[in-house]
């Protein structure tokens, strides 16, 4: 995904014992502050209950009534309109919301957390439906029970749910704080045939996601990867058909690493890649090599099909360090254009196949379909846009790489979900030639041209005024290309700290009012490292200062 901070995946710190009270008991025991319209974390006075409820959410009844009024006015539905000034806000649940056994993790703590999110005015939550957990026991053996419990809790609290069909591994990327590999039976097939996963020029394999090169080959115990993904989505529809369109309002279809439509060009595992490296092309498994060779032969250039560019450098280099990505490099030659058209074209075909399957399964259910595109903003101000190219986005100074993606999504009536909505150019290191603001503007233009809805996420875990203000500004548009929804990264203990919680509540309220009356503290209380390990501790003071509005 776009650069995100390593974060705790824990819920509110509530110890689960047999003495834990029910939601009704919980509501009965809270006290209501008179002066602060936000949720506050407190402890009960009793020693026994203080141990049991280390942190408790206080819900302001006036705020709850106001939220209910807003819901009646706006009629929560699965359809978001760009013409509406209201932008519904969802909150991502922890990566480990489900246990490795497929059960809901810490259900009582989750219950209290959902109650708090409802009181904030949030529209709902987002959760990953991990392939590695649901189809863990074998082909076509699905376990949705933990997710069924979560769906019922969301329904009880009046929250909507976005569900990600997560066909990728959790672990090995920025922000991944737990490990959920692909299903064991899939890993068994990969051990027999390592070419099933993406491979770089040095032969390093990446187990995050099945290579798109074998999309249509029966390599997974007699089924093609596309058939496996289709069966999985169909099983979800059958299990949750009664909730689609009312509780489950959106299905985000995973199409690559981190659920994003891209190649795993910048893997963090084992220190392979570090920001702001250009990454590497992932086209060296035998299936991708065969496809490249066939494309070269069809173009009458057999020698172009021997492999990817030999001069494209290594993961952690800068564009000018390579002959391929430098200012007047090979990327802009006849060969470079051929290779990049093939490489990005394969990615578009992959997304088209999966989304066609998703559309056929979920059409008529009332649930929106969405697809996620990564916000690769580093080296955006160079001619070649190297980091985007290695990830599969053929976007350069001379070519728009996002319009073809937007049109492919529009073909299947899929919302384009984009990250880095909270980032500002001035927060980035100059040497990395970043422009998240320019990138977001380009994507907004592409979605408007393709007539596809645009939704957003924040890339970094931030609670400061600058981040919230930037999202608010991005969400609005007088030209019809504002955000249709926004998903906040991510629910954890830090989110529920008093000041951070107050800021979130104010942000949700401002988004519901079209960005009007926004008022945030002029400091970054989260002490966020904006560059994600790029800046050393000695520069932490500067990183805090640039976050101030």
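Please read every residue number as a count from 1 along the shown chain.
Every residue gets a Cβ built from N, Cα and C, even glycine.
Unlike curated entries, TrEMBL annotations are predicted automatically.
Feature list (source: TrEMBL):
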BINDING   128, 168, 176, 372, 377, 419, 458, 459, 490  substrate binding site
ACT_SITE  260  active site, proton donor
ACT_SITE  457  active site, proton acceptor
Around the Cβ of residue 128 (substrate binding site), other Cβ atoms within 10 Å, all chains included, total 24
Between residue 377 (substrate binding site) and the residue listed as 'active site, proton acceptor', how far is it from one CA atom to the other, in Å? 14
Whole-number Å value for how far residue 260 (active site, proton donor) lies from residue 457 (active site, proton acceptor) (Cα to Cα): 13
Note: among binding-site residues 377, 490, least Cβ-dense neighbourhood at 10 Å is 490
Residue 260 (active site, proton donor): tally of other CB atoms within 10 A of its CB: 26
Using a 10 Å radius around its CB, how many other CB atoms surround residue 457 (active site, proton acceptor)? 25
Whole-number Å only: compute the distance from the Cα of residue 260 (active site, proton donor) to the Cα of residue 458 (substrate binding site). 14
